[in-house]
C-alpha cells in the first residue's frame, strides 16, 4: 500500500473507498446482520456513528502512511490512542501509583519522538552503520512531531472506535454482526467524499486511481478483513488485548518481517529500541490495572466469562 500510494500518486480517499466497498460486501455476506436476533436501536445507532469515525480513521491512516513513510512510523497510528488513555487515567483516574502512570506516559512519548526522528530508518538511525548523508538532505527528509499529527490523530480515532464497539457489543457473535454494519456505514459515509474527490479533485493531489491487484487485495484481505478476525481471536482466546505489551510484541515482529521482505529503509536496532521503550511505557502505565485484575481472579472459574471481563481492556479508557 505504501509503495502503491507513493509511486502512483493515487488519491488516498479513492483508494480507501475502493477497498471498503468489497470489504463491506464480504462482511455483510459473512455475518448477515439482518438474520438472528433483531438488533436494537441502542446497538445500531452507535454502530452507524462508529462507521463515520472508522471512515475518517482510514483516511487519516492512509494519508499518514503516505506522508510519514514506512510502516515502522505508522505504528504511531495504532498506539497513540494508548497515550490518550494513560493521560486520561492520570488526570481523571484513581490517584494510586500516579508516578508509575506518569513514567509510563513519558516513556511512550519518548518512543514516539524517537520514531519521528527516524530512529527506525537505516538512513537516520544513530544505531545504523550506513554512511551518514549530508545534513541538508537529512533536514528535508526527517519528520518532526508536527508532521506526525496525522497518524497520531488516526490512532486516537482508532482507540475511540474500539471503545464504542466494545461498549455496544457484549457478545462475540454480536460484535461481528455490528462490525459488518460499521464497515458498511463507513463505506456510505465515505461515498460522497470519494465522489467529490473523483469529480472535483484537490490541488496538489491526483484524482486518478491506477489499478494494482496486489495493493487492493492485500489491503482488503489483510488490512480490513483478516485483521478484525485475528484481533478478535487474539482477544477472545489468547487474552491479547489491543494496546498491550504482548500485542505490541506481536505487531512489532510482523513489522520487522514485512520491512525486511520488502527491503525498506529499516533499522532493526533502532526499531527494537523504540518498540521496547513504548512497551515499557505501556507496561508501567497499566501496572495498577493488572494488579487489580489479579486480585479479583478466582482459580475455580470454568466457563471463562470472568476472564473475558477482566481482560476486556489493557489500558484505561
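Glycine is no exception: its Cβ is also placed from the backbone N, Cα and C atoms.
Keep in mind that TrEMBL annotations are predicted by a computer and have not been checked by a curator.
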Note to self: Looking at 42-62, 231-251, I want to know which stretch TrEMBL calls transmembrane segment.
What the structure shows: 42-62
Next item on the list: Kindly point out the range from 142-160, 161-179 that TrEMBL annotates with transmembrane segment.
Entry: 142-160
Check: Top stretch among 42-62, 104-122, 180-199, 211-230 for CB pairs under 8 A with the transmembrane segment (268-288)?
Finding: 104-122
Note to self: With contact taken as 3 or more Cβ pairs under 8 angstroms (pairs 6 or more apart in sequence), are the transmembrane segment (12-30) and the transmembrane segment (211-230) in contact?
What the structure shows: yes
Next item on the list: Counting only CB pairs under 8 A, let me know which of 42-62, 104-122, 211-230 has the most with the transmembrane segment (180-199).
Entry: 42-62
